[in-house]
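Have a look at the structure below before the remarks.
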Ligand code: AHM
Ligand code: MG
């Protein structure tokens, strides 16, 4: 049995990065305990607060955000912090080597139904050419991530992580409280017959994207096989399935608003997931660009997302010219 600490050492990960990853993972163990307790620890339901995304915060969103913020601020390794639940960047320790962005609890609408939820995180080297406590710290292309990962709180609690090398899965052993390596170097199948999209949004999609989905579900589609659909409503759970057995996950642009709009956030949702997917041999695009080539203009910027098995992503993009 190899723990995450042992594996990071084996991969010659820098010591301060190992320490920072451990700070984040230790916090996810506290979150895991609270998630498991559910109604018993009075953490279900909504607050009266609305975040900068215009979404009502759940109690657990606020608790998890505070836990991660506190541990990152006090560890001395993080210069600046960005979170889905914080309007602006949060000051860390000046001169510290890293910056961290996270979605403390992805899939908030699943909290109260005992559904799958997760924590997504990404780590970059801090920039010395811009102010410590500025949004520009995060204006870095996704391929500059030094570590990306998520923890999925589900039947088992699992970690997917990459530190520029391969993506691997670890399972939290609740007895020893260690994340133990359970799948080393994931290789995503290039082909799939499973797609993941919120079909209820089809009236908002482009004609090209509608044509792609119609083709997947029609009995005489261009590849001679019908596709199955899976949608958990939590990106972390849907991407976990894709990493586990292949598939394509899409959250395309919506055209029902005065300006075309997207739902998922580049910095702490699309970029870390794109890094995990690419380092497992998959592809991750907006409708036109490789996600990891994008630099966020602001920390809560949203982008369209098409990611998963490489051939399927190519096939989908072929409909979107
Ligand atoms: P959240 O971070 O507030 O939970 O929102 C992001 C979530 C993703 O996890 C998921 O893919 C998407 O929103 C689901 O949206 P919907 O089912 O409303 O289309
Ligand atoms: Mg989210």
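Glycine too: its Cβ is placed from the backbone N, Cα and C atoms.
Per TrEMBL, Mg(2+) 1 is bound by 103, 105; the candidate from 84, 135, 136 named for the same site is 84. The record from TrEMBL ties 103, 106 to Mg(2+) 2, and of the options 5, 6, 269, 278 it ties 269 to that site too.
Cross-referencing 69, 73, 174, 263 against the substrate binding annotation in TrEMBL, which names 106, 107, 108, 109, 198, picks out 263.
The 6 Å Cβ screen around ligand 1 retains 106, 198 from the binding-site residues 105, 106, 198, ordered by sequence position.
If you take the Cα of residue 107 (substrate binding site) and the Cα of residue 269 (Mg(2+) 2 binding site), they are about 11 angstrom apart, rounded to a whole number. Filtering 103, 105, 106, 109, 263, 269 by Cβ distance to ligand 2 (under 6 A) retains the following binding-site residues: 103, 106, 269. For the domain 'Fructose-1-6-bisphosphatase class I N-terminal' (3-183), the model's average pLDDT works out to 94.
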